[in-house]
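Visitor: Annotations per TrEMBL:
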- B:Asp155: active site, proton acceptor (ACT_SITE)
- B:Gln31, B:Glu106, B:Asp137, B:Gly138, B:Pro162: S-methyl-5'-thioadenosine binding site (BINDING)
- B:His62, B:Asp86, B:Asp155, B:Ser156, B:Thr157, B:Asp158: spermidine binding site (BINDING)
- B:2-237: domain 'PABS' (DOMAIN)
2 protein chains.
Amino acid sequence: MELWFTESHTPNVKFSIRVDRQLYSSQSEFQRIDVFESPEFGRILVLDGYLMMTEKDEFIYHEMITHVPMAVHPNVKSVLVIGAGDGGVIRELTRYPEIEHIDMVEIDEEVVEVSKKYLPQTACAFDDPRLHIFYEDGLKYIRSAHDKYDLIIVDSTDPFGPGEGLFTREFYGNCYKALHEDGILINQHESPFYEEDAMACQRAHKRIVESFPLSRVYQVHIPTYPSGHWLFGFSSKKYHPLKDLDEARWNARGLKCRYYTTTLHRGSFYVPAYVEELLEDVE
Amino acid sequence: MELWFTESHTPNVKFSIRVDRQLYSSQSEFQRIDVFESPEFGRILVLDGYLMMTEKDEFIYHEMITHVPMAVHPNVKSVLVIGAGDGGVIRELTRYPEIEHIDMVEIDEEVVEVSKKYLPQTACAFDDPRLHIFYEDGLKYIRSAHDKYDLIIVDSTDPFGPGEGLFTREFYGNCYKALHEDGILINQHESPFYEEDAMACQRAHKRIVESFPLSRVYQVHIPTYPSGHWLFGFSSKKYHPLKDLDEARWNARGLKCRYYTTTLHRGSFYVPAYVEELLEDVE
């Protein structure tokens, strides 16, 4: 028997992963949740038919969304994470002893429960005493937060379905208000390659630059995401992602990573000409 | 009707492109050659079932295999190109007026003829008077070349089938001999992500470091290649890919690119930790 999970990256492009078996499938209050076991990628998490993470390449996404701001901001004590139900961002954040408080706002409790049961590789730090989980809409949560966080990480799904509100002007403006005066916002910023993704990427950038004085994107290779070329947004009230990168300080921590290095950190901000143009058009 | 071209990136991963129609199909003396028209990627060239290039993303591959060495070496007059039957490398090289002589060695004349007929976007510079095409095996050709070229670009297929010999110790050693004392060798270096590709990548690197005093890899995002994370090798007798990069000189040329910039050039050499380790293991 052959069993394949297939995702359409565009109506004209399909990516298929051979699957050994389906470990979990349900319709939560917010979305369909599936977990599969696959020979190439280990366990994979699928929400509403879109591949969210695989055990083989999740380290790339989670290291890059976390360590880039942590190597720039000199004193992160309080962090807000929106989304991140699989736990990967929490795992990386809890490697930093100076972080005192992590609020995580995930709309769908079932994603966390499923991850605890089926994805122990990422869902391994949910019992950290510094973590406080709120099961609610990040868009609503952020409205009442003022001058509260050093770092906000938006580990959202795509800009349609439950994650749609996390790509709005209102949301980015509220993130700005929720951050301290030297705070940093990191968001998953879609891909610049396929046309529809590129438009989403450009739209998000346009809205962020209206809220933050400094806004850059950085790129990563994520083999299981559409085109493999993925962007994160780095938006900041004060710190520059390269000028304020303290390589010696971060390297002195001795944190072992498989993707992130402080050298790669620099290179990830050097994006292709066509991506520069895509973003400059709305700056 | 639905028509899909599918390539297996591993036995457990498939990438599929919707196709409007097959424009060409034949078995040459060396390989099967297919050209398809696709709504997402324009025309695509397939050799022995493996996707070689698409009109939508070929600029990434061809700019990065060409402009990186051209921005480092201060005086390229004589170039050898091995493979490159689609013409993309020749198109980029002929943008440099100081290049006086280009030898291109392609084993399969039919690839060039098919490209001239069906892929005018890449096969647009084959009538440049500086170009001399030899239809023979690059592995044999290089044996008799001594101290002849400033730059060798190996635009090969994968390390099996007709391209196999272009990943051998003998071949790299002969490239070294064929280069002037300050020459540079660039080769397509496979991907570090999927295990079999990573092993090919490591093996190639091991063989190159035995022949060249300086050998680095640089990375690009090529959405239609396995994992989308692709490497090129930069091997050199004298010039360092970053220390000898002359950004001002290259930018003064006013060459317009869609992927390459001299800033991205730097970043492309800053590879992930796991790629550094893969290569260090054999250095």
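Here the Cβ of each residue, glycine as well, is placed from N, Cα and C on the backbone.
Those TrEMBL annotations? Automatic predictions, nothing curated.
If you look at the structure here, what lies around each of the features I listed?
Guide: Within the same chain, the residues at least 6 positions away from B:Asp155 (active site, proton acceptor) whose Cβ sits under 8 Å from its Cβ are B:Ile65, B:Val81, B:Ile82, B:Gly83, B:Ala84, B:Gly88, B:Val89, B:Gln188, listed in sequence order.
Mapped onto three states, the DSSP output places B:Gln31 (S-methyl-5'-thioadenosine binding site) in coil. Within its own chain, B:Gln31 (S-methyl-5'-thioadenosine binding site) has B:Leu47, B:Asp48, B:Asp108, B:Gly161, B:Pro162 as residues 6 or more apart in sequence whose C-beta sits under 8 angstroms from its own.
Reduced to three states, the DSSP call for B:Thr157 (spermidine binding site) is coil. Other Cβ atoms within 10 Å of the Cβ of B:Thr157 (spermidine binding site) number 22 in total over all chains.
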Visitor: Determine which residues of this chain, when B:Gln31, B:Glu106, B:Asp137, B:Gly138, B:Pro162 are set aside, have a Cβ within 8 Å of the centroid of the S-methyl-5'-thioadenosine site's Cβ atoms, and list them as they appear in the sequence.
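Guide: Neighbours found: B:Phe30, B:Gly83, B:Ile107, B:Asp108, B:Thr157, B:Gly163.
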Visitor: Highest CB neighbour count within 10 A among the binding-site residues B:Glu106, B:Asp158?
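Guide: Result of the Cβ crowding comparison: B:Glu106.
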